[in-house]
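Some features that Swiss-Prot has for this protein:
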BINDING   W64, Y157, G316, R400  S-adenosyl-L-methionine binding site
BINDING   G124, S125, D254, P317, T318  pyridoxal 5'-phosphate binding site
BINDING   K283  substrate binding site
MOD_RES   K283  N6-(pyridoxal phosphate)lysine
Amino acid sequence: MAAATGGLTPEQIIAVDGAHLWHPYSSIGREAVSPVVAVAAHGAWLTLIRDGQPIEVLDAMSSWWTAIHGHGHPALDQALTTQLRVMNHVMFGGLTHEPAARLAKLLVDITPAGLDTVFFSDSGSVSVEVAAKMALQYWRGRGLPGKRRLMTWRGGYHGDTFLAMSICDPHGGMHSLWTDVLAAQVFAPQVPRDYDPAYSAAFEAQLAQHAGELAAVVVEPVVQGAGGMRFHDPRYLHDLRDICRRYEVLLIFDEIATGFGRTGALFAADHAGVSPDIMCVGKALTGGYLSLAATLCTADVAHTISAGAAGALMHGPTFMANPLACAVSVASVELLLGQDWRTRITELAAGLTAGLDTARALPAVTDVRVCGAIGVIECDRPVDLAVATPAALDRGVWLRPFRNLVYAMPPYICTPAEITQITSAMVEVARLVGSLP
């Protein structure tokens, strides 16, 4: 069967893929599950090729948490094509342009108070690198170059570049292979789901021991994403803000996965009503169209860095502030803000909660949890993709479980019936996990 894939048949695509392409977190030559060929994406649906035939499946992953408006939204398509006719790309060194200015102003307006300066980069991982670089340069500008370590709590994930890996969970995360060569950071115990003042007190005591060498505390607020899809009480963020201020340590929020409404607040920090010194956003920023991220910081951070010995923030991506990415990001954010997104997320949360409830009785299930438009089934053993993927496809859903987690972060446009279809597939996958030895 030929498809709209540049002349290659699905069989040819798989052959080229197997010979030449490396996929995320995969091996070459011994992949247990071959990739599925995607040929189209519209709304909340993907068109995949299975057994030589096209099938329509729901994108329950929002294509790794990016496509909050679904695929091919007319407003985003128009923004991209309009900008393409004017200017596809220019270097950002020495030049500026309207899409970057509009997006920067929009982000400053909607993010927590005080984040007045924006640095654009190519990806979430790079935005974390930039945030860490900001923190280190800030303290050098303050005449305290010894403040160069970072502190976080266990269970987090912040990206795949080297500094970002150093603040991912050192043992349970995806980067334990590199523990002996990564920068040695300070790790507090896993943050509990429910609020416990004793945890905050212990965190403060540990931070106090290292305050003289700490540049910043870095955390994912409310939801720890790829490190385990764990949720925690927003009051911990309020405590972190107070602790960091008292001990003169910067506070960095990684909102790459949580930003733009996913948790039920526009940004997860809003649940606690606190502002970090530095914040990273990405993923849903462009609505899933292009790769773009941003690192925002306070005027104090920006001016201190600029007044330091280097006289500049020493970072500059080639595709920084790409006009196409900025233009579609403006359209995506304005589309979100122009609708009753809070009600939409509340409805999605209700649908996920109701649909996943039956999973609680399954023998392999240890927890079921929902936060905004995030639904998670945690199992007592790893999920076998060779079993999970076809089972979900049988039910018209694209899922991508990892470790012992079956989860969904669906597009905000999903109907109640589509959410029911997604949760039914998740429950079936969890049931199969329990039926295997």
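Quick reminder: no glycine exception, Cβ is built from N, Cα and C everywhere.
Between W64 (S-adenosyl-L-methionine binding site) and G124 (pyridoxal 5'-phosphate binding site), the C-alpha separation comes to 12 Å. Considering only the binding-site residues G124, S125, D254, K283, T318, R400 (S-adenosyl-L-methionine binding site) has K283 as its nearest partner by CA-CA distance. Checking each of the binding-site residues Y157, K283, G316 against D254 (pyridoxal 5'-phosphate binding site) by C-alpha distance, the shortest gap belongs to Y157.
For the pair Y157 (S-adenosyl-L-methionine binding site) and P317 (pyridoxal 5'-phosphate binding site), the C-alpha distance works out to 22 angstrom. The Cβ of G316 (S-adenosyl-L-methionine binding site) lies under 8 Å from the Cβ of F92, G93, each of which sits 6+ residues away along the same chain. DSSP assigns R400 (S-adenosyl-L-methionine binding site) to coil in the three-state reduction, placing it in neither a helix nor a strand. All protein chains considered, the CB of W64 (S-adenosyl-L-methionine binding site) has 14 other CB atoms within 10 Å. P317 (pyridoxal 5'-phosphate binding site) and the residue listed as 'substrate binding site' have their C-alpha atoms 17 Å apart, to the nearest angstrom. Take W64, Y157, G316, R400, the residues named in the record as contacts for S-adenosyl-L-methionine: the widest Cα to Cα gap among them comes to 33 Å. Most buried of the binding-site residues S125, T318, judged by other Cβ atoms within 10 Å, is S125. Residues near K283 (substrate binding site) in space but far in sequence (CB under 8 A, at least 6 apart, same chain), listed by position: W64, W65, T66, G124, I256, A257, G259, A293. For the pyridoxal 5'-phosphate site, whose binding residues are given in the record as G124, S125, D254, P317, T318, the maximum C-alpha distance rounds to 23 Å. Considering only the binding-site residues G124, P317, the Cβ with the fewest other Cβ atoms within 10 Å is that of P317. Working note on the binding-site residues Y157, D254, R400: by count of other C-beta atoms within 10 Å of each C-beta, D254 ranks first.
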